[in-house]
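Working notes, structure below.
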Amino acid sequence: MLELLPQQLANGLALGSTYALVAMGLTLIFGVLLIPNFAHGEFYMLGAFITYALVASGLNFWLAMAAAVVLVTGIGWIVDRVVFQPIGSAPGHSAAQGSGLSMMISALAGSIILQQVATIIWGTEARTIPAPMTGVIQTPYFTITALQLTVIGTLTAAWIAVWLVLHRSRLGLAIRATSQNRDAALLMGISMTQVRLATFGIGAALGAVAGALLGATFPIYPSMGVTPVLKAFVVLVIGGIGSLPGAIAGGLVLGMVEVMVAGYGASQFQDIGTFVILVAVLLIRPQGLFGRAQVER
Amino acid sequence: MEKLRSGRATCLILGLILGLGTLPAGAGRASAADEIVIGEIHPITGPATFYGLPESRGIQLAADRINKAGGVTLGGKSYQIRIATEDDQASPTTGVAALRKLVSADVRFIIGPLASGVAPALKPIIERNDKLTQLIDGTIADDMTNGKNIFRNQATASGYNVAVVKLFSARKYKSVAMMTDRFHAGFMNSQKTLAADLKGLGVTTASEDFYKLGDTDFSATLTNLRGRNVDVLLIRGYPAEGALITKQARQLGFSGQVVWEMVSPPSTVLKNIPAAEMEGVFNCIPLTTEDYVKLGDEKAKALDQAYRGRFNEGPGELTALSYDAVYIFKAAFEKAGSLDNAAVNKAMAALKVADIPELVTRYTPQPDGRLFASDGQVDLRGEVSVWRGEGWEPASLKD
Amino acid sequence: MLRIDGLSAGYGRLEVLHAVSFTVERDLPTVMLGANGAGKTTLCRVISGLIPARAGGIVLDGADITRLSPAERVRAGIALVPEGRQVFPDMTVRENLRLGAYVHGEPGRTGFDAVFAMFPILAQRQNQRAGLLSGGEQQMLALARALMSRPRLLLLDEPSQGLAPKAVALIAETVNRIAATGVGVLLVEQNLILAQAIARHAVVLETGTCVADGPAGDLLAGGAVADSYLGKTRRHRHVV
Ligand SMILES: Nc1ncnc2c1ncn2[C@@H]1O[C@H](COP(=O)(O)OP(=O)(O)OP(=O)(O)O)[C@@H](O)[C@H]1O
Ligand SMILES: [Mg+2]
């Protein structure tokens with residue numbers, strides 16, 4: 001069994017990076033706008049389906065993925081405008097945010113509607129995007145597919161790109177300020193419209209990238225986003241809500257744990273492993289691996 | 001004002017969600033005097049469409065052929081068959097609602113359902129209703145029939161396993177790793193017996209792993225498989241996961257034989273895995289409509305042609321079963337000479353395979369020649385097929 | 001320079017401010033007094049645009065700003081040092097200051113130098129996370145951050161909260177210096193020492209209504225303040 005450990009670690013890394021990729025967009029939107037965006041799973045699903053449709057009509061995978069990212073970004077804006085903004089500005093809520101519950105309910109409604117639309121367009125049968133690459137890389141210790149490496153590479157690239165936007169641009173400064181203290185950010189003269197557009201845009205784009213890449217590995221169908229988004233919420237709790245490094249570390253930890261449980265325990269306990277680690281984190285470090293405990297001064 | 005508007009939007013959304021769930025699909029009218037209404041419950045939409053729609057169409061084809069040929073003759077009077085289609089979306093709750101709708105429209109003969117989840121939900125309702133006769137043309141789970149008013153003309157998982165055992169004994173495989181959909185009652189319940197049967201052949205079951213519909217990562221399990229060096233990976237479940245497991249097993253360097261045990265239309269398979277990666281995979285299920293066509297069966301060829309002519313595509317794996325189901329009902333009506341459920345039930349139980357020459361599917365008759373065993377189950381055995389090029393074909397087991 | 005005219009506002013069904021009217025002159029730093037819950041913070045939030053006005057108007061140097069967005073108000077010259085400081089805890093001191101100047105683009109060296117001259121401690125700590133500063137230092141940062149937007153009118157909501165007398169004195173001195181450069185000041189304060197050190201004009205708010213308005217000396221010395229703190233209702237009166 002131990003000689004399989006390197007392979008299991010590689011499996012865990014590959015699986016974990018898929019979780020992290022989905023969690024990144026979710027944590028960004030949650031961290032900045034305090035929206036529990038269940039519809040993120042549908043950004044992921046639409047990224048996959050649009051890529052699928054374009055590849056099926058003959059477009060190169062990477063171009064299809066780029067187009068899907070652009071389209072899903074637009075859809076993200078529409079979802080924010082139609083689903084979330086009306087709640088945020090409805091009377092009875094402070095201007096700062098809609099109540100968590102109504103946000104959650106409308107996020108679910110948005111998610112269901114997007115799934116239904118996809119069902120009408122594409123039907124419910126599972127399919128897989130023809131993989132843009134099929135190679136398998138053999139090392140003495142483990143095997144990994146070129147596509148898995150691409151996912152890991154994309155995760156790294158996405159992290160760097162988002163980090164650069166957040167830490168090296170004025171817009172990023174505004175986004176970070178909003179996530180730390182929305183009212184204070186308003187007092188600085190930061191435009192919430194801009195921050196929302198940017199955050200939802202980046203979040204949806206990340207979801208679409210994840211969908212396109214993972215749709216070439218896993219079957220795609222209209223409700224494919226439901227489980228990943230639940231997993232991503234788990235990742236958020238593990239990593240620390242609103243923390244990008246947390247999303248990545250949380251995703252990798254979750255992937256590793258699941259693979260180890262399935263590999264050295266029993267495959268049917270894979271999901272139980274998820275919740276054991278969730279409960280453990282909540283007990284030992286409730287703010288998550290990368291979350292900061294709230295300190296009032 | 002703002003609040004009002006958002007309230008209305010919420011209602012609209014809710015309405016939409018509810019509305020989409022309850023789209024009516026061919027509600028049953030009250031039956032006219034010289035008409036026999038047969039209700040069929042299948043997943044026309046939802047995740048199992050690729051099984052359900054070709055079944056529903058097979059039923060329609062059979063009914064049309066019977067009607068054109070003069071319908072069902074009872075006591076010198078001929079009746080036309082009318083089909084009332086209900087969509088269960090492969091969901092138990094939708095299925096129960098569909099059944100209630102048919103019952104309230106006084107429909108007394110039911111074909112279906114397909115899904116292993118739906119059948120057990122309908123069973124207690126049908127069992128207690130002496131104005132219903134059900135012929136299941138789907139699920140392979142055990143204990144779905146009673147031989148009184150519930151019959152099934154689809155195989156059981158144990159019927160599938162016959163082919164697995166045949167394959168293992170022909171190929172002399174020494175070890176097997178099983179991966180089974182843990183929510184598939186038929187496969188789960190029959191797994192112990194299968195393992196025992198294989199053990200009888202000297203095959204070791206190196207591992208049994210369980211997954212569920214929608215799982216996507218099997219790498220941990222498959223990695224362990226490589227360490228165990230087994231001859232065969234046996235996958236028991238549905239085709240999307242089957243394809244994914246096969247693909248991931250190959251990527252992780254599994255070089256043994258992959259064997260499926262699942263009804264898996266090539267079009268569905270190919271949506272999830274390139275044909276080349278399927279080459280040589282065995283499948284152990286009863287012959288499908290397409291298999292009968294490939295074997296040159298005249299009745300199957302006629303069905304295939306009629307289906308293509310009407311729907312512009314080939315029939316599904318299970319079309320023949322559903323098509324047969326209508327003929328089984330016709331034979332039972334005529335044998336009973338009445339539309340009374342008790343009489344039809346009795347006639348159905350007594351039907352002999354030879355009574356129904358129109359059957360496409362080749363059932364093994366009971367020792368006394370009857371179609372159904374006393375528990376209402378047909379004897380339909382799995383055969384081994386193999387993936388060649390773009391689809392399945394009957395396999396020859398000699399090396 | 002700032003005229004509040006029959007201003008009403010609140011949260012949900014609760015109206016907190018009822019037709020509040022008063023003015024702040026550029027050369028008369030003004031203190032607003034009032035018991036806990038009187039609506040002082042609410043007023044600051046309405047003036048800076050975080051909460052909409054339900055009735056009445058806000059006029060800054062002749063221009064009606066009642067309907068402007070918070071960002072537009074910052075550009076028009078209003079800066080608020082909010083209650084509880086509200087610095088961005090996970091950002092460096094320098095980034096906090098950059099955000100203060102957000103509406104003007106990136107602050108040049110001179111922008112930073114001006115506030116660093118006023119608050120040398122911030123210069124030393126400029127690369128430290130703001131959340132790690134002491135309470136007094138955070139208050140300095142909040143003040144410095146507000147100044148980065150080059151305001152015409154500075155609103156301060158209880159800047160003395162939780163500060164030692166020495167820090168309060170430093171704030172008083174700094175605000176006085178700022179006021180001397182022609183920036184209007186509206187100070188919400190319960191600390192009489194700070195109020196006396198800065199204000200030349202005073203307004204008393206009682207359960208959302210302006211109950212007194214007059215020169216700071218008279219009001220702070222007279223009984224109005226004590227009464228207001230005790231929560232006695234009394235008719236609006238001018239002490240002039
Ligand atoms: N976000 C809010 N939602 C609902 N009611 C609020 C909110 N903020 C303040 N209030 C209510 O408005 C009233 C005025 O509050 P405000 O904070 O303006 O008082 P204040 O004069 O600043 O008090 P303090 O001296 O304690 O700071 C209070 O009754 C308070 O309960
Ligand atoms: Mg206050």
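Any Cβ shown, glycine's included, is placed from N, Cα and C.
What you see is a predicted model, and the numbers here were worked out from it, not measured in a lab.
Database features (TrEMBL):
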- A:12-39: transmembrane segment (TRANSMEM)
- A:59-79: transmembrane segment (TRANSMEM)
- A:100-122: transmembrane segment (TRANSMEM)
- A:142-166: transmembrane segment (TRANSMEM)
- A:197-221: transmembrane segment (TRANSMEM)
- A:233-257: transmembrane segment (TRANSMEM)
- A:269-288: transmembrane segment (TRANSMEM)
Same-chain residues at least 6 beyond the ends of the transmembrane segment (A:100-122) with CB under 8 Å of its CB atoms are 34-39, 41-42, 45-46, 49, 52-53, 75, 79, 82-84, 87, 93, 222-223, 225-226, 229
Feature contact check the transmembrane segment (A:197-221) with the transmembrane segment (A:142-166), CB under 8 Å, 3 or more pairs: yes
Could you pull out which residues elsewhere in the chain have a CB under 8 Å from any CB of the transmembrane segment (A:269-288), counting only those six or more residues past its ends? 231, 234, 236-241, 243, 246, 250, 253-254, 257-258, 260-262, 294
Under an 8 Å Cβ to Cβ limit, what residues of the same chain, 6 or more beyond the ends of the transmembrane segment (A:233-257), are close to it? 9, 12-24, 26-28, 30-32, 36, 155, 159, 162-163, 166, 179, 273-275, 277-278, 281-282, 287-292
Surrounding residues of the transmembrane segment (A:197-221) on its own chain - C-beta under 8 Å, 6+ positions past either end: 18, 21-22, 24-26, 28-29, 32-33, 37, 40-41, 43-52, 61, 64-65, 68-69, 71-73, 75-77, 79-80, 124-132, 147-148, 150-151, 154, 158, 162, 165, 171, 175, 178, 228
Folded-back contacts onto the transmembrane segment (A:59-79), same chain, C-beta under 8 angstroms, at least six residues removed: 39, 43, 46-48, 50-51, 110, 114, 129-130, 132, 197, 200-201, 203-205, 207-209, 211-213, 216
